[in-house]
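The next block holds one structure in the form of C-alpha cells; read it before the comments.
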C-alpha cells in the first residue's frame, strides 16, 4: 500500500526545495505564456471568431510544444510538474510530500498568473481567454471530461517518469507528456477547453476577473490526477519506497 508523506518544514524549506519552487514558477510561467498566448494570437488574427479546426490544432500544438519544453527545463530541478494535478498525483503515489507539494502549487499558480499579466501588458490589453464549457454542456459534464483527460496525463507521467521500472523510457517522458496534452486538447478543446491543469486555468481567471466556471478546472483535474496517482502508484508500483529525488521521477 502506498503511503502518503506529509513532510516537514525543514525539508520543504531546504535549499533544494526552494530551488524547485523557483524552477516550477519559471517553467509554469513559460508554459502558460506560450499556451495562453497562442489563444490570444488566434483571437487577434481571426477578430475573435469562434475556434475553427485549424485554430484548435494550432492551440493544441502550442500547448504540446510548450509543455514539452517546460517539463524538460524543470525536470532536473523540480521534477517538471507545472501542474497542481500532477503534483497531487505524485503526492498520492508517495513521490513528493504533501507540504512540499503545497508550495509547488503556490509556485505554479503564481507562475501562471504572472504569465497572464505579462500577456495582458505586451498585447496592449487584449482579452485573456478563460476556460469554460461549451454551450449546451453543464458543469458536471465538464468535470467528467477534465477527470478523464487529466487521468490520462498523470497516468502518462507515472508510466514514463515516475515508475522505478521505466528504464530508458524516462528519456522520452517530456515529449510523451507534451503529446498526451496536445492530443487531449484536440479531443476536449471544443467541449471543456481541455485544461487538465488548475494553474493553466487559474491565471487567466485572475487576470480576466472571471471565476464563474473555474471550479470545474480544479475539481476535474484534481480528481483525475489523484485517481491516476492512486491506481498507478498503488496497483502497478505497489509499495511505498523512500521519497526519491526529483531526478528519480523526472
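Quick reminder: no glycine exception, Cβ is built from N, Cα and C everywhere.
According to Swiss-Prot, the transmembrane segment annotation covers 20-42, 55-77, 97-119, 140-162, 172-194, 215-237.
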- Task: Please give the sequence-distant neighbours of the transmembrane segment (20-42): residues at least 6 beyond its ends with Cβ less than 8 Å from one of its Cβ atoms.
- Result: 51, 55, 58-59, 62-63, 65-67, 69-71, 73-74, 77-83, 100, 103-104, 106-108, 110-112, 114-116, 118-119, 123, 126-129, 199-200, 203-204, 246
- Looking at 55-77, 140-162, 215-237, which one has the highest count of Cβ pairs under 8 angstroms to the transmembrane segment (172-194)? 55-77
- Query: Mind checking which residues reach the transmembrane segment (55-77)? Cβ under 8 Å, same chain, six or more beyond either end.
  - Reply: 19-20, 23-24, 26-28, 30-31, 33-35, 37-39, 42, 46, 173-175, 177-179, 181-183, 185-186, 189-190, 194, 246-247, 250
